[in-house]
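What follows is a short report on a single structure.
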Amino acid sequence: MLRLPMTTAALLANLVGMGMVAMPYAFAGIGWTAILVVPLFATLAVFNACLVNSCCAMLEERCKEYRKFHWYTQYSDVASKALGPGVGRIVSGLRLLSVAGLQAVVIVLTAEAITDFVLAFLPISLPHGQMYCALVVGLGATSVAVKGPCSEVTRYWCSVVHLPLSLSLLALLLAGLADSFFGPGQWSRVVGSSIDPLGLVKAAGYRQPDADHEAPQRSSFGERSAVPFFVGLGVIAFNFATVSGFTNVRRDMAEPSNFKRAASYSVAGYTAACLLIGVMGYAAFGVLVNGNVIMSLNSEKTRVAAHILLSVSYMPMANLISFTLEEYDKPEDHGKVTVWRRAKMASPLMAWACVMALVVPQAGPLMALVGSLFVCPVAFVLPPILYAGLCRGSPQWPERPLNRNMKIALVVALVTGLVVHIGGTVTAIMQIVHEAQTNHQSCFRGFCYEGHYTHAPPPAIYTQYWPDVKLPEGVGQCKYLL
């Protein structure tokens, strides 16, 4: 059974992962105000996680069938008891759709990592956009064939073994961002010395691209200020997606009463990591940053190493996906492999994730769309509604009165979640359309890999061996768009 330190580590391990690479993109949309927005989101995340924990405790207290075995569809069962079976089915469908969205982000980031890794060592003659889209299809097919019918045997705290890898990715990102900001070999001289935060903020406005990395003088976003702001909110919401699954660790806790403290400590640690990456990424690149900041790093060696670590730091997303799907397995199937029943439910979701990745192959806008459309309702909108519903009286249980402060907190959390959900979804779609109009096409229309990653330094092998390597005319120029 897990005590407080191990529980905190388990929850932290299920936060630190792929979402970190998009924090500079969120800062680019919101600006330095994101330094205040991220802690506010973290506070809401802890508050909503504690609400879901209280809902599960009330459900187990009032209904005997939930006491014997902590293996039930938490959100949909709570919704059924609080608001009726119809709402429970809607919530169940929303959670399953969020699985597809999370898997789509995993596919896109993994395809980016593999493509950049291959291009760093091999001058591929195949147009890079076609290679990237072929990887997306291959990863999607693998997800359908493997993750669909097979139930992964794991526990929520098992990702603790992956925590060192995630922390290594964090350290590598910070080193790469410092190298990009201070210049090659210069950042190590300031480590351990006093750094003026105000000077760092001012310097961000005057950052110029290196001589060998000519970045285009245009923003990653459109002209309307509301669009990048809400897109950034969607990315931040995505980063706190796994708080919706925090209650899965309750079954392994020695003292469930420590859940609030463990959730607070873990989210606080992850918030500090997000702020570090966001501030340094925004200071280094400003608005000229990719949705995946690894693609913007100047050092090719750092990019390759970060991509390798990113590819193995998928555990937080994988855990949330697996435990959402496992909630629909029967208790007797726990620890076994389900085939046909699991395949009927999960394989179509994995196929839909592949389609989403092909339609929106840009990590930043896709992460914002998934965070706003799918993650935000589950993690930030539903908990206040479900908690208030369970606190109402019924013939089966007495009413649990809410004091004025709790009512205000529930309303604030609900309104904030709805604003991010609606505003983030609309603006994420607008941002996707904007990027499609600037030669960042989908894989169905011909994906311009070079056009999308114009903010990324070219692989060194092309600048070193370009005279000796004969490449097709379209490579590097995106003339093969349909």
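Cβ coordinates are placed from backbone N, Cα and C, and glycine is handled just like the others.
As given in TrEMBL:
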{"type": "DOMAIN", "residues": "6-429", "note": "domain 'Amino acid transporter transmembrane'"}
{"type": "TRANSMEM", "residues": "38-59", "note": "transmembrane segment"}
{"type": "TRANSMEM", "residues": "99-123", "note": "transmembrane segment"}
{"type": "TRANSMEM", "residues": "129-146", "note": "transmembrane segment"}
{"type": "TRANSMEM", "residues": "158-178", "note": "transmembrane segment"}
{"type": "TRANSMEM", "residues": "226-246", "note": "transmembrane segment"}
{"type": "TRANSMEM", "residues": "267-285", "note": "transmembrane segment"}
{"type": "TRANSMEM", "residues": "305-325", "note": "transmembrane segment"}
{"type": "TRANSMEM", "residues": "346-363", "note": "transmembrane segment"}
{"type": "TRANSMEM", "residues": "369-387", "note": "transmembrane segment"}
{"type": "TRANSMEM", "residues": "408-433", "note": "transmembrane segment"}
Cβ-based contact of the transmembrane segment (267-285) with the transmembrane segment (129-146), 3 or more pairs under 8 Å:
no
Might you confirm whether the transmembrane segment (158-178) is in contact with the transmembrane segment (305-325), defined here as three or more C-beta pairs under 8 A between residues 6 or more apart in sequence?
yes
Can we call the transmembrane segment (346-363) and the transmembrane segment (38-59) in contact, meaning three or more C-beta pairs below 8 angstroms at a sequence separation of 6+?
no
At a C-beta cut-off of under 8 Å, are there same-chain residues at least 6 beyond the transmembrane segment (129-146) that contact it? List them, or none.
103, 107-108, 110-112, 114-115, 118, 347, 350-351, 353-355, 357-358, 361, 443, 446-450, 478, 480
Where else in the chain does the transmembrane segment (226-246) make close Cβ contacts, counting only residues six or more beyond its ends and a cut-off under 8 Å?
11, 14-15, 19-20, 22-23, 25-30, 34, 37-38, 41-42, 45-46, 48-49, 52-53, 75, 98, 102, 105, 156, 219, 259, 263, 267, 270, 274, 316-317, 319-320, 323-324, 364-365, 367-372, 375-376, 378-380, 420, 423-428, 430-431, 434
Should anything in the same chain at least six residues away from the transmembrane segment (38-59) have a Cβ under 8 Å from its Cβ atoms, list it; otherwise answer none.
66, 74-75, 77-78, 81-82, 233, 236-237, 239-240, 243-244, 246-247, 250, 256, 259-260, 263-264, 267-268, 270-271, 274-275, 278, 379-380, 383-384, 386-387, 390, 400, 409, 413, 416-417
